[in-house]
Amino acid sequence: MEEALCNWAVIRSLLAIVQWWAFNVTVIIMNKWIFQKLDFKFPLTVSCVHFICSSIGAYVAIKILKIKPLITVDPEDRWKRIFPMSFVFCINIVLGNVSLRYIPVSFMQTIKSFTPATTVILQWLVWRKSFEWRIWASLVPIVGGILLTSMTELSFNMFGFLAALFGCLATSTKTILAESLLHGYKFDSINTVFYMAPFATGILALPALVLEGPGVIVWLNTHPSVFSSLSIVFASGVLAFCLNFSIFYVIHSTTAVTFNVAGNLKVAVAVLISWLIFKNPISGLNAVGCAITLVGCTFYGYVRHMISQQLPGTPRTPRTPRNRTEMIPLVNEKLDDKV
């Protein structure tokens, strides 16, 4: 009986990881397809569509289907705590889509893997937190891999590179702010989207309309297959919301170590599939740099886990708690790997 339960737990973990990979990779590939193949080069509009779909989906899931109970937040806290988080959340997703507009998926995903380093550096510089040597040592392969990948990227674009890099900073800022701004609230991924997506929609709607509205109108009047193309754009928004369910499921079905390893393998899967679809050139050294970065991220996650498991009374490295807000995609830490 115990063996059967153990086998079911393993199967459940594998299914959770596979469906998470499927949703995450599909959203990334669809976004790149929208920008490159459909010639819909409007990342702000795509991000806004995602926020609208997520707002509607979260409302239906919580208020109508009652899949998750609503976590009550004081009206004052919505503006003092949720709104600042939503602003950073919005910037994070937009920068991810902007980077996809200009650089290959493989390069963008590798740059996003720089998030652990930016998180540690921000905590050290701004919040004056100290970290033991194992944490700093684990960042060396991440930084080295990113440098090698950037120097050997055959489709390098400075604007896309900077968008991905600042996206890492936004992800790190969101992770760090969650410790103080969301203290006392135990959000899961669905409740997080329920509160943040409407704010993000309001923040982004006007800039998208002003900066990209005229271009979208021209595209609507000149594109040969408007209906099918718009269907793909809105489908990517629906799948982006479904990704939040998949993240909630995988978090509760795997251990922290398994989740860390699966997150890095997911990046490798996304890189491989994007290369098969878009055929972007990847040099040997570029692939080596990407591999070094992913190995470094896995090692970093292992070090953090080992430090967190130290016995009470043992000196521990200050760290940002892994609360539910960190588990949103859009790495991604790796999790925001939104999209």
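Quick reminder: no glycine exception, Cβ is built from N, Cα and C everywhere.
Predicted, not measured: the structure shown is a model, and the values here were computed from it.
Some features that TrEMBL has for this protein:
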DOMAIN    14-300  domain 'Sugar phosphate transporter'
TRANSMEM  12-30  transmembrane segment
TRANSMEM  42-62  transmembrane segment
TRANSMEM  82-103  transmembrane segment
TRANSMEM  158-177  transmembrane segment
TRANSMEM  189-210  transmembrane segment
TRANSMEM  230-250  transmembrane segment
TRANSMEM  257-278  transmembrane segment
TRANSMEM  284-303  transmembrane segment
Stretch of maximal Cβ-Cβ contact with the transmembrane segment (189-210) [cut-off: under 8 Å; candidates 12-30, 42-62, 158-177]: 42-62
Top Cβ-contact partner of the transmembrane segment (284-303) among 42-62, 82-103, 230-250, 257-278 (pairs under 8 Å): 257-278
Of 82-103, 230-250, 257-278, whichever stretch has the most CB pairs under 8 A to the transmembrane segment (42-62): 230-250
